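A.B. asks: Just passing along the structure, written as structure tokens.
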């Protein structure tokens, strides 16, 4: 290996973990022409370039050892799937009793399997999983350089098992993570092993076979990578809880340690480092297993020549640096184009792979389809390289994939978008496989290794911002597809500025590159002749985009214009930007709005974070909430939340079967207007608290204390005012003084009682009342110890005949 390869090692030439190596990668590497008898290639042809030993090592050791790469490159996609959740609605400052009365109890409990819920990575922290995924890609950027360096200095085998150890440690750290920080650390550690854990076995596989079989080895490595993606999907379905899934994707890496005793070292590395004895032992085994009867002495002699030849080959490019890629105009132009195209390929492929679960309602099905669509690539790439040419194949595949991704915005959501996405994924995969042989044939031999290393490294840099681009899809499904589609299309156009290399000799020096005519590129020819096929394609695309932008959009309802929904027929949605269900409905609602003029209705939406008063006026207790309004009569929508269901609901007048909102809940009523003002006031208090804390530096507890004291003072003043009003409206009646009657002597009492008894002797009611009085008096007097006096006084009264005005004796108090 050269000094250049030590700084940017050979392992880096193969690209990102989810990416494949070139079908002719090893043939494009910097090598010198050697005669068959004294070269490694010639020796492999004699002992068997693809014999029984190679097949056993390749299919039972090397390729199975690369399976963890695809599993760990994308397992985080399933660890952080979005979960249904509810964030507090700003401005709805209801107390517990009001909330209990207004919001019906409709909750349920269960296991939420995503890491986003365990670490509370939702609402204001919804970007955190994306950051963790970016750190995973950053780990890949560091790991491919580090393990490539170890691979070149200490051997492929040692580098692979060191990479495997980092992979297992990262998986265990992820599994045992107790916080988001440790989760991110685990993802970064596991990212170190990707894609080196796939690249190293692939390099070893291509170094144990002959030159004619390397394309097949590369193709099989791609095939095994796709198998690993399918395994990752199956494990995610079987183990939905994210910790179980992290453990399930890590455990298959443990048995790979058993391959230490059977995995061979690369014969090319052994010869390049002068380890001829170890190389001789390996070739003896190859000779025996493959059934080739070559004498040991001959093997030893040829291996010495091959070792010298390998060391000589490593001298090619000595003294060259990365600056040589930019010294002269032609090589500088090619370097800049190749690196940009490489960057675009890596970004678009990884981005579309991350976006697979979002393309279908079932995330497992979406990712599985995006993985299976890579399989037709292998026969297509062979046809494209040999029949169509490098430049044309790459340009067509990138432009076709980009256009398919872009025009998804111009068609309704559903199967059509999924089909276009899969076509885009397929074509960008074809394009990525072409970049390796194409770049190898464009760079001269003396700087070829440098060009590969620089292109791969820049491609890795492009994977770091990709998670953030994909995250934009949470707001609008089509935004990431448009961005990735534009990048792919631009990359395809710029590919036309490179010369075709099919059937042409590869340059050896930078000076030879400068002698190649600048006119030999399709872009110059198409512009000069005016026959570019891109013109009609982009005219059609612009027409579609223009028509898409001219279509009806939902009307925004706020505090100022909400009364317009009281006239005519409307479909009104209440949403919040942070609500996951609202985000999922957004594209469907916008598509439904395009049908508004045909249905004779108006489609609108209202952001409750900006119109808190309307959330109270319409009594919005869940998001999203959809109302159908017909001439001021409100009905809450019930049914599926897809475009066809909305159209059927309006067109077939299914809303007539739904009971209208009760009159006392009518948004235009006085009491609902009061509720609306209450919600607005709550929102005002929230904003006031924010101003106190953020603008005036008041501590949170200090702000709460101010609100508490203010509440007590205002409550006391309102209570005092209420008492005054009540006293004014209903003043208290004056209280009459109570006069205690004076007691009379016992004789007078007897006389009075006798008179009353005699006067009313003929009235049963009076006699009954008197006796009652006497009994009461008797009881009282018994209690006082004077019952005898009462009896004596009653006897003369009964015999008395004096007719006097009846008068009742006042009863004596106990």
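Just so it is clear, glycine is given a Cβ too, placed from its N, Cα and C backbone atoms.
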A.B. asks: Pick from 477-498, 499-520, 521-542, 543-564: which range does TrEMBL record as transmembrane segment?
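C.D. replies: Within the set 477-498, 499-520, 521-542, 543-564, TrEMBL attaches transmembrane segment to 477-498.
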A.B. asks: Taking the transmembrane segment (56-74) as the reference, which of 161-183, 336-355, 395-412, 450-471, 704-729 gives the largest number of Cβ pairs under 8 angstroms?
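C.D. replies: By Cβ pairs under 8 Å, 161-183 leads among 161-183, 336-355, 395-412, 450-471, 704-729.
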A.B. asks: Could you name the stretch, out of 161-183, 336-355, 395-412, with the greatest number of CB pairs under 8 A to the transmembrane segment (477-498)?
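C.D. replies: When the Cβ pairs under 8 Å are tallied, 395-412 comes out ahead.
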A.B. asks: Hey, which of 395-412, 450-471, 704-729 has the most Cβ-Cβ pairs under 8 Å against the transmembrane segment (336-355)?
C.D. replies: 450-471
A.B. asks: Restricting to the same chain and to residues at least six past its boundaries, which positions have a Cβ under 8 Å from a Cβ of the transmembrane segment (221-239)?
C.D. replies: 18, 20-21, 63-64, 66-71, 74-75, 78, 198, 201-202, 205, 245, 247-249, 364, 367-368, 371-372, 374-375, 377-378, 433
A.B. asks: For the domain 'Major facilitator superfamily (MFS) profile' (61-503), what's the model's average pLDDT?
C.D. replies: 81
